[in-house]
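Undergrad: What follows is a single structure, and I will ask about it in a moment.
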Amino acid sequence: MAQQGKVEPQDQDSFLDDQPGIRPIPSFDDMPLHQNLLRGIYSHGFEKPSSIQQRAIVPFTRGGDIIAQAQSGTGKTGAFSIGLLQRLDFRHNVLQGLVLSPTRELALQTAEVITRIGEFLAEGNSSFCATFVGGTRVQDDYRKLQAGSIVAVGTPGRVVDVTKRGAMRTEHLRVLVLDEADEMLSQGFAEQIYEIFRYLPKEIQVALFSATMPDDVLELTKKFMRDPTRILVKRESLTLEGIKQYFIAVEEEHKLDTLMDLYETVSIAQSVIFANTRRKVDWLAQQLNQSNHTVSCMHSEMPKQDREKVMSTFRNGSSRVLVTTDLVARGIDVHHVNIVINFDLPTNKESYLHRIGRGGRYGRKGVAINFVTQKDVEVLREIESHYHTQIDELPVDFAAYLGE
């Protein structure tokens, strides 16, 4: 995990602090947190709370519903992990906290953060935080729950499954967190989320966290949240600070050659290349590897073991280029990515923000390069308008920008 002291916090004016009770708390020591939780926070490498952590943790610990929005790479996972852990009673080995994530990779990563921060609270219960995701045996899920899990982190489909089977007892649940809430409440997941709510205690605390919070999602929350504290970002503040955004005008048949030229021109620490389809990802990775550019690729139809291996080699730096679909656009935490390339522009505005957030995480500088065909121009203009930003054409002396 990156040192939180190196985060360049969002400016306070970026937030719509329009509700009483929201004020930045600049130090973890000034928050109402258990001493053993503070030990876990500092041992995990956190130094100073980021802007979203300064605003969201204390309202979370009060027990009320909360809707919190912050840009990618600014510490959302840390914010809800700390708030969640403070709300639990570790004297009782019953399931008290549930975190739902849209992908298994994000669920595994979140569970790792919660486990590390909660290490001293758990006092020897190494299985206090368990994951429930597809691609694993249901019998293993049973064993995790019987071992005394206090926090469950999972994907909606698997959580629905183990709950319906009676393996996951929900009567003692205190807190539900929806990570990447806009995705979780989209059509693909909404039905499963509502199914899970059928099993939850009526008075459960609900917390929503995401980089984007569209109006239709906020409208949906009225169905299952009670007078939530809202910590939202002004739309004009949603473009990621520290990430320079460019476009290259190129037609489809010349994209590959343009990408090759780009990699021969500049020195890149690590990069993520996004394409819109599984077939395009496989094809692009094959073409790059054949041209002696060592790359790895990942998409949702790959076996889970292969996806985990790809992410592991990319995280530890063995692989420097990852070609993928939007599968990793949400929250996958790789610290040394300095360039994100949209080989295909995303199909919606929210995905753009999640994608370019892979570069420049935790205050580091990053670059986003968009390949734009003639038919993409209107989409690019919509992105600029939506985020009140300007995406310039890639300069000829681009290589010099990486050294700044």
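Heads up, the Cβ atoms here are built off N, Cα and C, so glycines get one too.
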Undergrad: If you check Swiss-Prot, which stretch out of 26-54, 287-315 is marked motif 'Q motif'?
TA: 26-54
Undergrad: Between the candidate ranges 103-106, 139-142, 179-182, 387-390, where does Swiss-Prot place the motif 'DEAD box' annotation?
TA: 179-182
Undergrad: Using DSSP reduced to three states, classify ALA70 (ATP binding site) as helix, strand or coil.
TA: coil
